[in-house]
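The next block holds one structure in the form of structure tokens; read it before the comments.
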Amino acid sequence: MVFRIASSPYTHNQRQTSRIMLLVLLAAVPGIAAQLWFFGWGTLVQILLASVSALLAEALVLKLRKQSVAATLKDNSALLTGLLLAVSIPPLAPWWMVVLGTVFAVIIAKQLYGGLGQNPFNPAMIGYVVLLISFPVQMTSWLPPHEIAVNIPGFIDAIQVIFSGHTASGGDMNTLRLGIDGISQATPLDTFKTSVRAGHSVEQIMQYPIYSGILAGAGWQWVNLAWLAGGVWLLWQKAIRWHIPLSFLVTLALCAMLGWLFSPETLAAPQIHLLSGATMLGAFFILTDPVTASTTNRGRLIFGALAGLLVWLIRSFGGYPDGVAFAVLLANITVPLIDYYTRPRVYGHRKG
């Protein structure tokens, strides 16, 4: 009889990294479908560009480091990084922007630290922030949802705008961004912040076409609900834990409610915060990154709550309309400290 001697751990989780990443990619399908429906084919083009760029960038670095290219690419982490960045940027952003952001995310924010499992910051959000700071105009040029859009670009038009800046008929981004009221549209969060600073009342702002949705912003409410559906499926599959999404959303809702009660003329209502921007995408797909989030249950609650507070502060008082990316990166910085003070006590040892 032959006995096999193996080192610990002796109990293994059968779900490999590649399977977890694949589950997250599958869970993103409802959110992607919603963005395609409300914002057009540009989202699909950006996803394809980001995916190819992520795989090529990762393969190049692995080749230079003389590591197995095929084995590493099979973990699907590069694909997920590209996907998260692609759905975070405007659908008709120039092609070179998503390529630049993805390459930066994979090479600088991930591989430079040693690859998957070593990076302290979420790579997709690093790429997003680099693009936002470097090209703020292009990164905030979102199309109006098709419900209130005048010009809805088709698949060919989307490709032409992304690669040349113009449609076949000569239309550009300024034309495509016009809403049914003839005014260039922005996201619900951007519209609210800009209008408040211009001295408009909340009652006036809520009459804008972008807020014609049942719950929050037109189109955006359904996009967020679609990402929420994908997130709930991830929880059901036990691919992520509930601590971070719950604490993030509860904290954001509480802060928004308190702010709205104390200053209803300058601060957005809770439903605007919860169902606009990247709220649900951030709660279930970005903050839950196991590499850059806290590793203890108490730590996850603190981590999520901190991110929720930061999102509300940035949206309400900062210079950017949506603070999810900045909140994620700032929360990432605190992870070592959070884990240090929330680590479980070793059995048989006194606390401290």
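Think of each number as a place in line: the chain as shown, counted from 1.
Using N, Cα and C of the backbone, Cβ positions are placed for all residues, glycine too.
Over in Swiss-Prot, the protein carries these features:
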MOD_RES   Thr187  FMN phosphoryl threonine
TRANSMEM  20-40  transmembrane segment
TRANSMEM  42-62  transmembrane segment
TRANSMEM  78-109  transmembrane segment
TRANSMEM  123-143  transmembrane segment
TRANSMEM  148-168  transmembrane segment
TRANSMEM  214-234  transmembrane segment
TRANSMEM  242-262  transmembrane segment
TRANSMEM  267-287  transmembrane segment
TRANSMEM  301-321  transmembrane segment
TRANSMEM  322-342  transmembrane segment
Cβ contacts the transmembrane segment (267-287)/the transmembrane segment (322-342), at least three under 8 Å, sequence gap 6 or more: yes
Chain residues in Cβ proximity to the transmembrane segment (301-321) (below 8 Å; excluding those fewer than six residues from its ends, i.e. six or more beyond): 132, 140, 186-187, 189-190, 192-193, 243-252, 255-256, 259, 267-268, 273, 277, 279, 282-283, 287, 293-294, 327-328, 330-331, 334-335, 338, 342
The transmembrane segment (42-62) versus listed stretches 78-109, 123-143, 242-262: most Cβ pairs under 8 Å: 78-109
Result, the transmembrane segment (214-234) in contact with the transmembrane segment (322-342) (3+ CB pairs under 8 Å): no
Top Cβ-contact partner of the transmembrane segment (78-109) among 123-143, 214-234, 242-262 (pairs under 8 Å): 123-143
